[in-house]
Amino acid sequence: MTQTNEIRASQIRPFLLGGAATGPLFYAASIIQAFTRTGFDIKRHAISTLTLGDLGWVQSANFIVTGLLALLAAIGMRGLLRGGIGGVWGPLLIGIYGIGMTLAGLFRPDPGFGFPAGAPEGMPEVMSGYAAVHSFAFYTAFTGLIAACFVFARRFAAQGERGWQVYCVATGIVSPLLIAIGMSLNSWIGVVMAIAGMAAFGWVSVLAARLRAEAGNASFRLHGTAKRA
């Protein structure tokens, strides 16, 4: 690896460290709130509804910070993978995930299913504009993330890394399947949706950590193709 590449790698790695933090940060904050917010029931309520109520700003900030860290990861991935397989679409799709999460934090869903206190017991009769943007942003983020799974699966397949290829494909299949199952349930919907998110968001963190290690390994070119030192 040349001195220029070493400098670029040192610049890229902090961006990818932010990406590695996204999943653990988002779900650690969400789980703490799920067990401490009065009236919240993970079996009935989606994690995004934690953005509602007096303490809703905490979860809103959680969405926004996670989105911004994902955007930093996308920048780092672009620098690392430029010129290689997945060098365009991989970072772009992770960036879409980051933008979607940020917007989902800025726009809140409507109160419903008894949360927060005083909310109707069922779904709102009419979806507000804010809730529509929130839903669109979140599902756009999730779709971008799932598409990224298959882009990186192709990259790892080209490198002959079967385990990583299988992990990417499995995440890309299982996560949306869990979302579909969760939406069809009358109970435990929040739990199933949370597990789906953990699988997908966790994949981003693991991928970013892997690429960060790759950026610091002299046996790899910055475009992600293996090279002997």
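Positions of Cβ are set from backbone N, Cα and C atoms, glycine also.
Record features (TrEMBL):
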TRANSMEM  12-35  transmembrane segment
TRANSMEM  55-76  transmembrane segment
TRANSMEM  88-107  transmembrane segment
TRANSMEM  127-152  transmembrane segment
TRANSMEM  164-182  transmembrane segment
TRANSMEM  188-211  transmembrane segment
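Through the fold, the transmembrane segment (55-76) approaches residues 12-16, 18-22, 25-26, 29-30, 33, 37, 47-48, 91-92, 94-95, 97-106, 108, 116, 141, 201, 204, 208, 211-212, 215 of its own chain, all at least 6 residues removed from its boundaries and within a Cβ separation under 8 Å. Ranking 88-107, 127-152, 188-211 by CB pairs under 8 A with the transmembrane segment (164-182) puts 188-211 at the top. Under 8 Å from some Cβ of the transmembrane segment (127-152) lie the Cβ atoms of residues 48, 67, 86, 89-90, 93-104, 107-110, 164, 168-169, 171-172, 175-176, 179, 197, 200-201, 203-204, 207, all in the same chain and six or more residues away from its ends.
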